[in-house]
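Quick look at what TrEMBL annotates:
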type     : residues  : note
REPEAT   : 9-41      : repeat 'WD'
REPEAT   : 132-173   : repeat 'WD'
REPEAT   : 236-267   : repeat 'WD'
REGION   : 326-345   : region 'Disordered'
COMPBIAS : 327-337   : compositional bias 'Acidic residues'
REGION   : 872-925   : region 'Disordered'
COMPBIAS : 879-890   : compositional bias 'Polar residues'
COMPBIAS : 940-952   : compositional bias 'Basic and acidic residues'
REGION   : 940-968   : region 'Disordered'
REGION   : 982-1007  : region 'Disordered'
COMPBIAS : 989-1004  : compositional bias 'Polar residues'
DNA_BIND : 1006-1082 : DNA-binding region
DOMAIN   : 1006-1082 : domain 'HMG box'
REGION   : 1056-1108 : region 'Disordered'
COMPBIAS : 1081-1094 : compositional bias 'Basic and acidic residues'
């Protein structure tokens, strides 16, 4: 039976991973870059036992219930198996130990370190140690002779040495490997191995071949190779029967040879083409466990018969694993003849047997980096047949005339050499941005700018915790996860969950609307049969879900079903922000590891529209989508697996601009940044650093790091490149302000002004740099990006630099910009007028209807209205005592005609001649007593006594509540204190004229005196305007004056300051002379006690009749 490749699963985070079996073969033991040793009962064990041994574990070995590991703290640690009880530290190195192995009986261990040293340590007594010095570079691997006589080691110095254990001397050394300075730079980790029982042969992986040396003679007996191995071999291991030798390569091939016949028995390709870094043969059965450099664990079954017989089948299990994600419809096909498709007249069929279930893969979003594992056999021509070339050491290519069955090897479908064209990539699975994989027992369901949702699925409890960054939005919540929710999203308004369907229950959408003002804050919707929710998102007032039926369903935040429309392809992810909905989906099938994705952007406001119509989504080669969403300001963004962050540039035709490469900030190759949010102002990329992994653990709570943005411009090391990158980054990151303005959102104008100022400063710096480099044409190109004021500054700079031609060109450009600005202003003014005319026409029609109703309602009072108009003509030269401006005598007290656009006049409308605009006739009339207090403060005494004729008689208004009557009573009480002054003004002829009163001395004294700079500016203003005729704005004149005033000497400035002080003193003396005579002063002092007595009296509340009398008094003369 051919070898069967089982589906790979996640074992550890990305990084070097080692694997071994226990003595009985019941458990698989792995260690990885997370510092954990995991004990797997089988490959399907979803809850392996985990033993933490340190920050990183580089190698592990297991023998007779003792587990040893080489850890990143430069130690070799001992633990019991399977309990994991620490047994202490066996030995220490000055650097990391790269490899550790047991001898045959488990009494000793050997370890090689990065400090060029190899040690042998007794397990029971760690003080018994032997050290082997001779390597000139870090040690890559070690291997015990089963007879405990020799020890082999490989090093980065390019040598492979065999040591005599007894006297610690080097028996033989071969310069086989390529030299390097560190393990991370080595092309191969060169895991060599002795035969497990006899120890006669030593296998060493060297390049693309395995060199086999004989014991004691140290002669190269033979080499094993295969034409499909194109990259160096990394690790070798012997079968327990010593008849087979397996090896793993850097490009993911696992090849098994028969050592006796030296033929290739099995050849299997890693399903994703990752480097094989760990191999272990099962001690009793035909299984090989292997690990890759991404932390995944795999298993090969039925590799070879333990008695040495070879399988007659032509196809291994890998041959049936083709396009499982692309051709699900072939699951029902017959697979009885799947192993015989190489025979003549046999039609090839895709069968589900042996297929790899990508849905159970360790990373639902991982994409193959190599295409060999997806290759489908090409359908043969009608008159041709397929012949397989056979390769291996000791065998030659058979001729076409030779019978095919004489020496055929069980080759897999993915290794057929007759087709090297592009092969389809498996489609990326749907995911929720800000979530970690589903297989984790503790995982993040979502982490965004609002909060965090964690999910806990273990034997004790299945729960969900919702935490908000800002607790003022909502308090933290703990929910039970009885329905096994797998997808979640969080917004300012609600929490949204979704679960897949089961045999009994339909797929559900569950919303917790915590911002609702009513008591019912939850709603649930069941999907139709055979329809599962794949992605969800929340916006402002809406929720959306994409399903397996290629439908997108929109709901209101309260649970009302709204629009439903079809998606062009299977959804990958969705995101919402405000009214915007962003959808990523599969447009088609990608090739050679690339994904073919499309993007849709919709606005779900009152005016629903589609911005992006399924445009292709650009991704880095052989990458996949890892995060999609919006910035805090509402700009669509996404991140791919290569760490490239892109943002939508709305000003450049909705194109995608790369704004950051997170890989540039990573310290190691296996490190990543997990994006949780993007901010445009300030420019911040909020993400979580993940050491040796693509996602963070839930506990302890990971810390958020902030990365800066940088556009991928050329020559960023130069000043020119830096300024260009800063300018265009500022432009891109402030495009959202224009979007907000166009869509009627509020934003701070100061932010936009600051951005324009920053951009113009950068342009001026680049302009000056171009001038220094004599790049005048480049200067003109930069000037075209400047504003009008910046161009004027550029003209000055060019003139002072004596670049007259450039200054002339810039002047012409300034004229063009001024013309364009004037034209744009005229267009805006015309648009405004058109809108105004349209609105005035509507208002006129409305006013006509309102006035017609007023005429009917007021027909009874037509005679009184006529009387008011006649009296208004008699009082044309009179002033309204309630007028805001008491000195105004230009207009009548009551206007009988209102502007034409307001329709006909209301005869009962009283208006003044002040600056206050007349109240619209269709507005609600208000009580005149409401404004009495305000008008009283601005009315003057002479104006109240000047009107000797009676004012027009108006019908008294209906009394308002007391809160409205208080201002009127205060008005009359405040005026009684001034009656004596009014009588005196009547008797004095000087005050008979209705002139405006002079300002009080207190107001004159409160006026601020002029400063020395103001006096200097008044005298030198003409000189400044002569030197700078372009200065038309007052701030510009003051700024230029300040610069000149600072250039004056200290003595000159003191002179002007003293002048200002002297002028203020003279003004004070003049004010004192203008004060009234002492008699008048005495008389006023005598009047003050009287006023105080009147004001000190208690004010009794006035009843309704009194208020009516006072109201009548306001329009009559006593």
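Yeah, the Cβs are placed from backbone N, Cα and C, and that goes for glycine too.
Automated prediction, rather than curation, is the source of TrEMBL annotations.
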Excluding the flanking five residues on each side, which residues at least 6 beyond the ends of the repeat 'WD' (9-41) place their CB within less than 8 Å of a CB in that stretch?
48-64, 67, 69, 71-72, 79, 81-82, 84, 189, 277-285, 287, 289-299, 360-363, 437, 439, 670, 672, 690, 692-694
Based on DSSP, tally up the residues of the repeat 'WD' (132-173) by helix, strand and coil.
0 helix, 25 strand, 17 coil
Looking only at the DNA-binding region (1006-1082), report the model's average pLDDT.
73
So, by DSSP, how many helix, strand and coil residues make up the repeat 'WD' (9-41)?
0 helix, 15 strand, 18 coil
By DSSP, how many residues in the repeat 'WD' (236-267) are helix, how many strand, and how many coil?
0 helix, 20 strand, 12 coil
